[in-house]
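Residues or ranges marked as compositional bias 'Basic and acidic residues' in TrEMBL: A:1-10. Sequence annotations record features per position, and here TrEMBL assigns region 'Disordered' to A:1-23. Look at TrEMBL and you will find A:32-50, A:62-80, A:87-104, A:110-131, A:138-158, A:188-205, A:237-257, A:263-282, A:289-309, A:315-333 tagged as transmembrane segment.
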Amino acid sequence: MTAELTRDPDGTATQRRSGAAARGRLTRPGGVLPIVAILALLLVLIAIQQPDFFQPASLLSFLGRSAPIIILAAGQYFVIVSGEFDLSVGSLVTAQVVVAARLIDSDPGRTWPVVLLLFGFGLLVGLANGLITTALRVPSFITTLGMYLILVGAVYLWSDGAPRGGLSDEFRRFGRLAVEDVPLLGRLPYALLVLLAVAGLLLLFSRSDPGRTLVAVGDNPRTAELAGVRVGRAKTVAFVLSGLAATVAAILLGGYSGVSFQAGLGLEFTAITAVVLGGVALGGGRGALLGAMLGALTLETLFTLMNFYGVSGALKSTVQGLIILAAVSVGALRRR
Amino acid sequence: MTATRSAPERTPAVPRRPVRTLRTAVGADPARGVFVALALTLVIGWLVVALDGGQLLNQSSVVSLLHVATGLGLVAAGQTLVILGGSLDLSVGYVVSLSTLVAAETMNGSDSRITPAVLLVLAVSVAIGLVNGVLVATVGINAFIATLGVGLLLKGYLENGYDGPAGSTAPTLVQTLGYQRVGPVPVAFLLFLGVAAAIWFALRRTRYGHHLVAVGGDPDVARLSGVRNDRVLILSHVLCALCAGLAGIYLASRLGSGAPRVGVESFYDLESIAAVVLGGAALAGGRGGVAGTVGGVLLLATVDSVFNQLEVDAFFKQVVRGVIIIAAVALYARRRHRRHRERTGAPS
């Protein structure tokens, strides 16, 4: 983008730092190199303390455990890169898990219809977020905050304050079980397969025309509109993707840790943190999906590292806060 | 092509942009809508409660309404300043919790230590506000992430150090700030009105206030006009944290001890932002005022009070609150959009 500006023949375009154009794809602001470096550092620290972590089995199960938050971050990426926020994903995860438990009610026969229903619900919530934000012009911060209150309140109300029913083993399989006896790798968690499939699909989408349009919308909605993009529709698609991603995350999380009202607590902030850590600019228009997903993986690695070093669970958020502030400060100062 | 033939065809009017001076920005009254809404809510609420056989505006419910408004109001008054400057503060909930603990543990039930306790709370708040402000204004981090990060730091400290209530507030403070009333009006509510009035004065009559609105409206224009954006924003963050500290002192007096989870359980971070936006402020900054915030706070407190009177399920209350916040902001957004179109002459 910088290169195009400086190439402008009439010379009226603002001259930006020409060094920025020369910088590679990976290191420019919004590139994935910084997050890869941080991730590598954390992995080295883990290797010092716990070399066993790199056994294929434990590494794969770690990736499986990280799948829900990586998928959530991927969904959040589309919303953030289009210039909006989605604060409702944590509550959506909780709602999905509780709804699934009550509807399935431990009856394996109802698993698939309910899964279908959950996707419908996720789509609907995303659609509502998107339409309220774009058609009614409510700032997405407020829209999704309101949706958060509504979902948490509704799910408590519907279940009279305590989760009821139960998930079928069929449902829990995705979050909990693994394909056994895979040659070379050993156990291959279903969650990891789901992650790979979702990540592949979303990466394809982010490189397609609609995916790139989303970034353009986030960068400058006015120019995008003048270029013929239906900005409202593009943003709504982003919210729907986030809602669907939250549904997948809910199915994995519900399977892994069972039914509780705490299932999705605080996940919206974790997802946003991961996205920002991955070099995606809040306010939209800059950043890569891969960076966002690596950001989520880095956060999970950090939490694992803290476990290995015996940091109290209560201090988790302090360390998380420090890391975010440090990473983002470096980014902000570098951008000067 | 004679001169007569080319008789002045009206040049397409350049869309007239309203001249945005400090005076119009500050003087425009975005607060009117919220007070109309407040009045409507009061009337409808009164009717509904009356049909239910209750009385919305009896002494005890008015008192509890004003107490709810005081806690939220102190936080929201400070939040108004940062939002006006185009920033926001998500750490206020944790600052409130921390302040109740600092106050109650320093006092430890003794009247003689009220002054040091209050001073300590204010000092801690100023320090947190300073960190927020420097991160946002000097380092240049997005306010959402910066204050979220600071909030997470505080959250970890609170969760690591406290399981439940700790310390105890000085009895004198409990009697005065916590429970004393003038008629139906709690003393603490008067404190809130005082803070709101001070902020109103600062916004309308001081250089700081005018600069703040300018920074929120357009940071680049403000900087080119000689405003020191970073100082203005840092000061706003400090004042916002101070207000949260005051709210902490009030809650410590109300509860009698420090409460590590009070700020989060009351959703002070998100509710204060909602109150400011309900009061007609733009989240992007540059438009809004503390009068509107007072209206927004009273509106939220009234809704809360009506639901309490009707003994509505707490969870249902939350659902309705979410709907109200979205609906109110949607209404504002629509009106503003229409007005904007009329002014710029764009086709509707």
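Heads up, the Cβ atoms here are built off N, Cα and C, so glycines get one too.
Comparison of A:32-50, A:62-80, A:138-158 by number of C-beta pairs under 8 angstroms to the transmembrane segment (A:237-257) places A:62-80 first.
For the transmembrane segment (A:32-50), the neighbouring stretch richest in Cβ pairs under 8 Å, chosen from A:62-80, A:87-104, A:138-158, A:188-205, A:315-333, is A:315-333. Among A:62-80, A:87-104, A:110-131, A:138-158, A:263-282, A:62-80 has the largest number of CB pairs under 8 A with the transmembrane segment (A:188-205). Of the Cβ pairs linking the transmembrane segment (A:87-104) with the transmembrane segment (A:315-333) and spaced 6 or more residues apart, fewer than 3 are under 8 Å, so the two regions do not touch. When each of A:62-80, A:110-131, A:315-333 is checked for Cβ pairs under 8 Å to the transmembrane segment (A:263-282), A:62-80 comes out on top. Counting same-chain residues at least six beyond the ends of the transmembrane segment (A:110-131), those with a Cβ under 8 angstroms from any Cβ of the stretch are 86, 88, 92, 95-96, 99-100, 103-104, 140, 143-144, 147, 151, 168, 170-171, 232, 235-244, 246-247, 250-251. With a threshold of 8 Å between CB atoms, the same-chain residues lying at least 6 positions outside the transmembrane segment (A:315-333) that come near it are 29, 34, 38, 270, 273, 276-277, 279, 299, 302-303, 306.
Outside the transmembrane segment (A:62-80), and at least 6 residues removed from its termini, the chain residues within Cβ reach (under 8 Å) are 53, 86, 89, 93, 140, 175, 178, 189-192, 194-195, 198-199, 202, 206, 211, 214, 218, 235, 237-239, 241-246, 248-250, 252-253, 256, 267-268, 270-272, 274-276, 278, 280, 282, 284, 287, 289, 292-293, 295-297, 299-300, 304.
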